Amino acid sequence: MTMLSRIQFALTVGFHFVFVPLSIGLILFTAIMETLYVRTGDPKYKTLTKFWGRLFTINFLLGVVTGVAMEFQFGTNWSRYSEFMGDIFGSPLAVEALMAFFLESTMLGIWIFGWNKLSKKMHLLAGWLVAIGTHLSAVWIIVANGFMQNPVGYVLRNNRAELVNFWEVLFNPYAWYTYVHTIFACYSVGAFFVLAVAAYHLLRRRNVDMMKASLRIATVFAIIATLGNAITGHFNGQNVALRQPTKFAAMEGVWEGGQGVGFPLFAIPDSANERNAVEVGVIPGLTSFMAFNSTDAHVPGLKDFPVDERPPVGLTFWSFRVMVGLGVLMLVLAALAWWHNRKGTLMERTTLLKFLLWSIPIPYIATNLGWMVAEVGRQPWTVYGLITTADSVSPVALADVVISLGLVVIFYAILVGLDIYLLVRYAKAGPEAMDERQAAVAD
Amino acid sequence: MSHEVLQVIWFALWGLLWAIYFGLDGFDLGSGMLAGIFRKDEEQRHLIGALAPIWDGNEVWVITAGGVTFAAFPKLYATMFSSLYVPLFLILFGLMFRAVAIEFYHHMDYDRAWQRIWGWVLSVASLIVALLFGVAFGNIFQGMLLDAQGYHGTILSLLNPYGLLTGVLFVVAFLMNGATWLAHKAPDDGLRAKAHTFAARIWPVVLVVAAGWLVYTPFATNLMGNFLKVPVLFLVPALAVVMLVLTWVYLQKGNHLFSLLAGSLTVGLTVIAGVIGLFPNMFPSKLDPAYSLTAFNSSSSQYTLQFMFIVVLVFLPFVLLYQVWAYKLFGRKGTGSEVEHY
């Protein structure tokens, strides 16, 4: 039962987290394009704004509907959690709706359909308000999640967690480390999406002028995002070490706690025997140093905690490792693209362009792995140290969950299929085709 | 403010949010259903074009109503959503398919066959959402099979005569409002006349269903109690009836915008009347009133209610301001083809 609800929730959030990062990354990119258009008056940027904007809108909608699904599931599948936590968890969600959703959705309607109804500057303002709305929306959802990771500003009263200090919840350090890290991740998804589409056109020598303009900005965007991710990732990790020792130990595969814990270059954790089956090239003191800035700092190991309070080690460990590896790969790709574009040799580097084209899934995988580290690493708790996942689930009929899970799977498969189909179609058609199409519709 | 005062304020806000949601989204759910009736290529394109810029803003009200329920009445949220698991999942899929249909309708304007499919999806999904929301509220008005062990009903027990009648009331009222919106936005006389005729034909149906619902309600529910205690409250349902009459009057005058406003107010006021009748219950138990969830036994702490109240006071005016702006941009008469400006 708990497992089914977990699978359902993981699927819902996982898909949500496929659509949302691209939305956040792309809307910022689109808003920058439109700003360039308003400032330079160059019609090329208007075409690009519409091109990237359409790809954004296709994707944005799916972020919204999968988001509604999440809100519903807190009540339908996790009612005991909702009852225990609603006093605190509901507020950021309600504020998100009031402050961000209305802004995004109203302004998006105005932005899409207002090209001929608004002045250039007002239209640009609507676009930026959509971008601000998506960023604000992420703030509130991560603030809500931050409480689950690191509960603050509450007391236990009346059999539930009650809010006593909203500001403490809002300024929860855990939430803000995660927020900045997540936003950079969203930018890398957006940037690599643009790079891939641009590479596709450049490989075919189509729309070269416009795609080079997009690529130039996207490479800078990608470098800032991936570097930002590495830096914020480090601080995020230190914060985890401080506040969620079990998650940190699982991420790093530390079984025996102690002072001056070393960092293995390669390891394979073995949960059954509570050790790492393989450990190669251990650098003394490095794990301690990464966690607490001191080579002989004390790092608790998994064995310091009861078995039933440890997260699934393998999943957390590997998700973390692969995420970091993909981050490094993205940084290298972005830097190479930037360098060759600057030297003017990018068009000849077809292998690099092909790499960029096929790198589209990389940031998606990396962001979803990051989310796995955060959420799986928190298990068995729903709210760290307060309520377990097993105690959070709704007392609803098993059959209902089975059926709804089946429907979720079928429906999301259709959604993803259509999303990819449309994105590919419009991305391949390119910006000029959109201009022609628009002229055809207007006739 | 004391906890009790805040609980009453939040109860009122909860009712108001649902009323605004059904008042606004009602007419675009209605337009959505009409996509299955106005099927000719041009008609359907104008209909969905009229819907496209505004549906999203309208639908955020339901997310807000849900979020506010979660924040202010977590116990209600938990019980309501897990008790109504199946209908809520159907509503959820309806809302999702509807959104996808509207959006993909114009992203796939290169292929008429796909657009026809999306037209049907929009129509059926809108019908499911309207009907099931009506059924859910009808059942809440009536009381739920709730006791110490939790909720005992199934989707079949929800489909009782009163629940279904409320569902039908929602459907026909929304269809009426959808038709007046379409008549207002229709870019040519042909479509306007067709939508007008549809609205004029469904109005008497709404009147009959609403009359039947009003007569049935005192027998099926305990909603009358509060009205009999404070008779001045009868003004609210009376006003709803007046608005329904005005819908007809403005329709006859050919003022479709005012007809829509009156129709939306009919819907909103009906919901408010129902919520007034419920007070202080929010999810009453039919089995034993002791297990009813009320504004007083299912709310958040005083601190949360107070804090959230300030948030609402600060942000709601902004929301209203820019939603009014959006309606000013896209609500103009005879401009039903916004899709072309994509």
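Just so it is clear, glycine is given a Cβ too, placed from its N, Cα and C backbone atoms.
What TrEMBL says about this one:
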type	residues	note
TRANSMEM	B:5-24	transmembrane segment
TRANSMEM	B:84-105	transmembrane segment
TRANSMEM	B:117-141	transmembrane segment
TRANSMEM	B:161-183	transmembrane segment
TRANSMEM	B:195-216	transmembrane segment
TRANSMEM	B:228-251	transmembrane segment
TRANSMEM	B:258-283	transmembrane segment
TRANSMEM	B:303-325	transmembrane segment
Intrachain neighbours beyond the transmembrane segment (B:228-251), with Cβ under 8 angstroms and 6 or more residues off its ends: 176, 180, 196, 199-200, 203, 206-207, 210, 214, 258-259, 262-263, 265-266, 269-270, 272-273, 276
Interface check, the transmembrane segment (B:161-183) with the transmembrane segment (B:258-283), three or more C-beta pairs under 8 A: yes
Intrachain neighbours beyond the transmembrane segment (B:195-216), with Cβ under 8 angstroms and 6 or more residues off its ends: 34, 37-38, 162, 165-166, 168-169, 172-173, 175-176, 179-180, 182-183, 186, 237, 241, 244, 247-248, 251-252, 254, 256, 259, 270
Residues of the parent chain within Cβ reach of the transmembrane segment (B:5-24), under 8 Å, 6 or more residues beyond its termini: 58, 61-62, 64-65, 68-69, 72-73, 133, 170, 264-265, 267-269, 271-272, 275-276, 279-280, 282, 295-296, 299, 302, 305-306, 308-309, 312
